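> Heads up, here are the entries from TrEMBL:
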type: BINDING; residues: Gly109, Gln110, Thr111, Gly112, Ser113, Gly114, Lys115, Ser116; note: ATP binding site
type: COILED; residues: 369-431; note: coiled coil
type: COMPBIAS; residues: 1004-1014; note: compositional bias 'Polar residues'
type: COMPBIAS; residues: 1021-1033; note: compositional bias 'Polar residues'
type: COMPBIAS; residues: 1041-1054; note: compositional bias 'Polar residues'
type: COMPBIAS; residues: 1062-1071; note: compositional bias 'Polar residues'
type: DOMAIN; residues: 5-358; note: domain 'Kinesin motor'
type: REGION; residues: 1004-1071; note: region 'Disordered'
Amino acid sequence: MSEESIKVAVRVRPFNQREKDRNAKLIIKMHGQSTFISDPKLSQDEAKQFSFDHSYWSHDGFTELPSGILEPSNSSSPYASQQKVFDDLGRDVIKNAFDGFNCSLFAYGQTGSGKSYSMIGYGANRGIIPIACDELFQQIEKTKNSSTRYEVGVSMMEIYNEQVRDLLTQDFPKGGLSIRQHPTSGYFYPQGLRVVPVGSYTDIEHRISEGTQNRTIAATNMNATSSRAHTLVTIYFDQFIKDVHGDTKKTSVINLVDLAGSERNSSTGATGDRLKESTNINKSLSTLGNVISALADISSGSKRKIVVPYRESVLTKLLQNALGGNSKTVMIAALSPADVNFDETLGTLRFADRVKRIKNTVVVNENPMEKLVRELKEENDRLKLLIDTGKYNLQLEIQPGMTNQDIELMRKEMEEEIRSQIQANQQILQNSKTSWDLKLKQAQSNDKQSSIPLDKKIPCLANLNEDPMLSYVICHCLNTDEITIGNRNSTICFNGLNILEHHAIIRRVNSTSHELIPGESGSKIKVNGYNLNGVTKLQHKDRILFGASHVYVYLNVLNEKESSEDLPAVITWEFAQKEIAKAKGYSLGNNLTVEQEEIQEKILSLLPLLSEINAISEELNKYRVFETVLMPISSWVGVVVKGSKIMIKMKNLLNQNVWYWDDVKFVNRSFIIKEHYQKFLDGDEEILYIAKEDDPFWEPVEDLLLGTANVFLQSLAYSLDFADEICIVDYKGLEQGRLSINLCPCSPNGKVLNEEHFVEQPEELLDKSYSFKIFMRFIEINDERYNKGLRIRYKVFNELEFSETNIICRHTVCANIKQSRIITIPHVDNNWLDFFENGCIIFQVLAVQEESKPDTGLLKMTTRDLKKIEQKQDNTNLLPVNHSNSTLPGDSKLKSELTLLHRKYTRLEQKEKRIQQLCREWETSHDYHKFYKTLSAIAFSSGTKLKTTTAAWDEHYRKLALKQRRESHVDRLGARRSSHGSVVNNSVHISSANITDINQNISQTHNQSSSAVSNFDGRSASVQQKLSQQESVNDLPMTNPKPTNKFIHTNSTTKPEKMGSEKSSTSCTIQ
């Protein structure tokens, strides 16, 4: 007995094509046994360092041999090949197995990081599992002799959603295999798992291929996501050694585990979702992390009394022996090199760092055969006695507070486990009486019957899967004149969503071609992305979608020349999904920005899931339909943010209520929905009558974001007011209504400032106190469906919380809002000026929704019927496109700029007229002091008044006097006498020049304004609608904005200045 730490290695893969297209940055470096990771947001000097037993660099520095094998490009290349990884890790596994130790090797990392490549391999580059199996039988051949006999068995299972599936059989019991605990050793095992005898590496290869095929069939039929499943290949290696003392059995169990993708919870769990804890999809990995942390703490001696939570998930139960038990364990952590995956990669490194601290106690599993048989018989006798006498009740771990029902349930479970163990022991005793050669012969005979080699010249349907390892695994040969496809009594049987009993027919037209025909009305079939409505002739490499999830490619080398030359050499799942997306109207292309690339990836990943969830909604008759929408981030969060985000729109077909979910929440719900659907398929009809709070399709009603109205603030930068009717635009760019808004500079108490406070340059406002008023006058909505009420909310500058109105527009589509809010800025800085000149206030208009009772006539219809009606009425489930009645996103900004130009034009025109008048007065009266005083006042005034104010002239004269005092009295008198005439002449000359420049500026401004007006396509008429024409009046108070931080203080004005007939006013100081 010895204590040994788990051996840990990390391996980084090359950039994939998607990362190359994005020009991804490398964040991983390796030196010896150390691995360094750099945060792309920080400098390279702050890289984090981790040390492991092995750090494998497989990112670059390799070359491909003619055989397809990847090898280091030269002797100095650090590239770690598949063989290098096996030599370091796999050979120890084989050696330990021959020594009689249990061995475990598992791969950990996020989806797409290279776990399966290291474990299974791809093409000629075999992974650890196939190389280890091959090496095992080579060692058997080398060491075989008359005194030693070897027996090798293999099992293959998958853990998905806390259910265990045996992959070496096509029988999938409801709920999966039961997990039992051995009453003596305490370890867990799957009851009824098939262990198949194998006599060569070829046998193992066939069994793994068979398991992969069954895994693909199960994943397709059950709508499972392969990246969320754990695959366990177990090799049972027994050595029977004869000596003078008798036969001795040396046993080794080799567990080879390919774990599911270890995405972060924030990427896969739904933050804020009421059902986020209801899914089992991430339970295994989260529990595995807790087990690793507990074992690491125990090994370090910091927490000796901690309980390791093996029992909390199926995966950790089955890995109990590998982690903290009797096993020599190796873990390989797969790393992504791209900066976009920094958080996931850092999490993987931290996980591996904890694993390396775990220590296992290992012993050789070697016992005499007679002793083993005797112990099995004695154990069976003891277990039978426990049942007969009922003494096993004494072994129950009764906890305080347990009811009699809980205790009875525990007693039944204990009795069932004892009976299952008796049955397993009896099976072992029975197998020991059957010769190994006979068992091996039977297994090989069954394998030959099931594995018939395929003739590539025969046309066939080959499956496509999101996991490249599972694509082209299933092939249905079209070797008869007519092939029927359906969910029963068909040539090819498909199970799953939207598969009908007589779904499709493939008929042979001649010796080289086939045609595809829908089997019955309502069959959902897509060929090359488009719905199939009649007969179509199939071409080589045609992509076919049966139902919601069965994606196949038609392969026919006999008419290969007829296929399109634009098709790739190998059709992939991603290619087929892009094709479906394009057929639905999504615009997908190349040379995209990083943001566009991310959105495209999300769309392609969500579309198959949307299809499945919509199909489940139909089958369970949930009256819900889902679709993707592209929502501007600024519209959703209410502040100016660049970019868009994918949202899932869920619609209730009975009352037309709508909800928007982000993609994270939708993915989380989809797993729960699939769990419920699987229970329904397993015969649990109670799932149809669960409480609405537990139903993943149900969501409490919430206000619907109807659209936004963006009000730009350039006028405030010049201390001018702005009033207009702003279009309320939805995520598609369609106009949903209009909101009348007025922005005007004011005093802190709300008194509107006149135009005399106009400033020529926004910088004149710096370091000064400034107040402005936001006045919402009127709102009108186009669609009468939203007459249950509206709310309007917005944020100003750095506010963290919304200012929100109460409900308006009850039982009407228009209302006078009549409310204002005063914003006071103690000191205007450059941030505020930038906000005025380039920012805007986004007014979100929210429609109130109610949980109304549906029409009884609609309840008589099915979800499928209502979807057909919905599609006929509104076929707008595509990404936004240009509509003839849509409002351009820049219209509001253009109107604001146009208003500002008109104001500037008016003031320049007034200045010009006044200067011309002064010139005419100068010709008749040469009063220099009066002329100079008036001309200076005009230069400093806004131009709205023909005469200057005394204060303006006094300020100018004071500055001039201060300058003159610096000179001597004599020079001052001389300068004043000698300069009178020249000053007057120069002043007149300058004024004439100013007049010429002003004329040119006015002409340019007038042309720009006219051009801008002409671009509004006649919309100015609707903008000039008078407020008095509206009949409905709904007055309401403004909800006071809450203080958001120490710089924001809000007070209600006791006697606010009235503007029009406003109902209420609030004031707010923002620093």
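Using the three backbone atoms N, Cα and C, a Cβ is placed for every residue, glycine included.
Remember, TrEMBL labels are computer predictions, not curated facts.
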> Counting other CB atoms within 10 A of each CB, which of the binding-site residues Gly109, Gly112, Gly114 comes out lowest?
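Counting other Cβ atoms within 10 Å of each of the binding-site residues Gly109, Gly112, Gly114, the minimum falls on Gly112.
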> For the recorded ATP site formed by Gly109, Gln110, Thr111, Gly112, Ser113, Gly114, Lys115, Ser116, which further same-chain residues have Cβ atoms within 8 Å of the site's Cβ center?
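Result: Arg13, Ala107, Gly261, Ala334, Ser336.
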> Counting only other Cβ atoms and using a 10 Å cut-off, which of the binding-site residues Gln110, Thr111 scores lowest?
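Per-residue Cβ counts within 10 Å for the binding-site residues Gln110, Thr111 bottom out at Thr111.
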> Starting from the Cβ of Ser116 (ATP binding site), draw a 10 Å sphere and report how many other Cβ atoms land inside it.
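Taking every protein chain into account, the count is 24.
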> Tell me the Cβ neighbour count for Ser113 (ATP binding site), meaning other Cβ atoms within 10 Å of its Cβ, over all protein chains shown.
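For Ser113 (ATP binding site), the 10 Å Cβ neighbour count is 26.
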> Within 10 Å of the Cβ of Lys115 (ATP binding site), how many other Cβ atoms can be counted across all chains shown?
28
> What mean pLDDT does the predicted model reach across the domain 'Kinesin motor' (5-358)?
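A mean pLDDT of 85 is what the predicted model shows over the domain 'Kinesin motor' (5-358).
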